[in-house]
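> Right, I'll just put the structure down here and ask away after.
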Amino acid sequence: MRSHTITMTTTSVSSWPYSSHRMRFITNHSDQPPQNFSATPNVTTCPMDEKLLSTVLTTSYSVIFIVGLVGNIIALYVFLGIHRKRNSIQIYLLNVAIADLLLIFCLPFRIMYHINQNKWTLGVILCKVVGTLFYMNMYISIILLGFISLDRYIKINRSIQQRKAITTKQSIYVCCIVWMLALGGFLTMIILTLKKGGHNSTMCFHYRDKHNAKGEAIFNFILVVMFWLIFLLIILSYIKIGKNLLRISKRRSKFPNSGKYATTARNSFIVLIIFTICFVPYHAFRFIYISSQLNVSSCYWKEIVHKTNEIMLVLSSFNSCLDPVMYFLMSSNIRKIMCQLLFRRFQGEPSRSESTSEFKPGYSLHDTSVAVKIQSSSKST
């Protein structure tokens, strides 16, 4: 293995040398941001070899882009093909699919950036737009998954008369509020970037110190805290859902369909496992990452933090591939709708089986009619 010497150098922005696969972390110690491309503030740079990391990121994001694009387009096609009135869960899932697609559309920019030896040539504004859109849609998906777990928990634990407490209209309002808040934050970030002006850096998706941008670091910290609150909500909701389903399964063990309750309970925990694998590593490491940005750190430590953060981010992006996989592999109704729509699309005639206009949720991963079955069986026992 080749050894690399990490050095600290002070140079002007306009004279940064770039080798084939070397990048320099940028630490701006100036109190004021550069106002134009001719500015030459003193910066401390940390060169390092990123050849292997760039290869891994390019390959990973390419796979995620292809699989995620196909899966989410099909998922969106299926959700839009449901002609009957959608329930609240379907509204949330539709918006999750849209957020996943928007995140996936950001990946080609990252792929080209790493292919181009970590050089960004499209300007600081587009860099900020792509980066902010990426994170915006990731957190929209996280928030909506939290609302899905809350929705299921409420409907399963309330009586039949109260089970419509969360209506379709209310779920639409929730999604609209989430999107408006996200877009408001997005526009704020872009406006702040425009006010700061451009800088002569060809780096985009990389580690940057926050010594003079503590407000942005605090905002990132708030997002991390929000994630852990949502994660706690999901854990409590699905544990409660799983316990209820398993209890009903034992009570109705003599009935032919008793196994469906246990299957749905297992599926609920699979959702929790996938959410944990994709998002928990990234957000657990974010505390270290943000702390490193705010404090003076060695180049060696910055290199470790940067590379670890990039790998964790790949895991988070991979969730956009797993969402449609969960829809289809773990929900017989979604698979049925997909087959019906594809059959009608390619054969030009409706399927003999149940049409999409008569779609009735059953024991799927996110469907909520199981709440009615649980409450009914509870009262009958």
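Backbone N, Cα and C define each Cβ position, glycine as well.
Below, the features straight out of Swiss-Prot:
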type	residues	note
DISULFID	Cys127-Cys204	disulfide bond
CARBOHYD	Asn28	N-linked glycosylation site
CARBOHYD	Asn36	N-linked glycosylation site
CARBOHYD	Asn42	N-linked glycosylation site
CARBOHYD	Asn200	N-linked glycosylation site
CARBOHYD	Asn295	N-linked glycosylation site
TOPO_DOM	83-88	topological domain 'Cytoplasmic'
TOPO_DOM	150-171	topological domain 'Cytoplasmic'
TOPO_DOM	238-269	topological domain 'Cytoplasmic'
TOPO_DOM	332-381	topological domain 'Cytoplasmic'
TRANSMEM	62-82	transmembrane segment
TRANSMEM	89-109	transmembrane segment
TRANSMEM	129-149	transmembrane segment
TRANSMEM	172-192	transmembrane segment
TRANSMEM	217-237	transmembrane segment
TRANSMEM	270-290	transmembrane segment
TRANSMEM	311-331	transmembrane segment
> List, in sequence order, the same-chain residues at least six positions removed whose CB sits under 8 Å from that of Cys204 (disulfide bond)?
Tyr113, Trp120, Cys127, Val130, Gly131
> Could you name the stretch, out of 62-82, 89-109, 129-149, 172-192, 311-331, with the greatest number of CB pairs under 8 A to the transmembrane segment (217-237)?
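The listed stretch sharing the most Cβ pairs with the transmembrane segment (217-237) is 129-149.
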> Please list, in sequence order, the residues in the chain of Asn295 (N-linked glycosylation site) that are at least six apart in sequence and whose C-beta is under 8 Å away from its C-beta.
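Looking at Cβ-Cβ distances below 8 Å from Asn295 (N-linked glycosylation site), excluding near sequence neighbours, one finds none.
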> Six or more residues out from either end of the transmembrane segment (172-192), which same-chain residues have a Cβ under 8 Å from its Cβ atoms?
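Same-chain contacts beyond the flanks: 91-92, 95, 125, 128-129, 132-133, 136-137, 139-140, 143-144, 147.
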> Test of understanding: give the count of other CB atoms lying within 10 angstroms of the CB of Cys127 (disulfide bond).
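Its Cβ has 20 other Cβ atoms within 10 Å.
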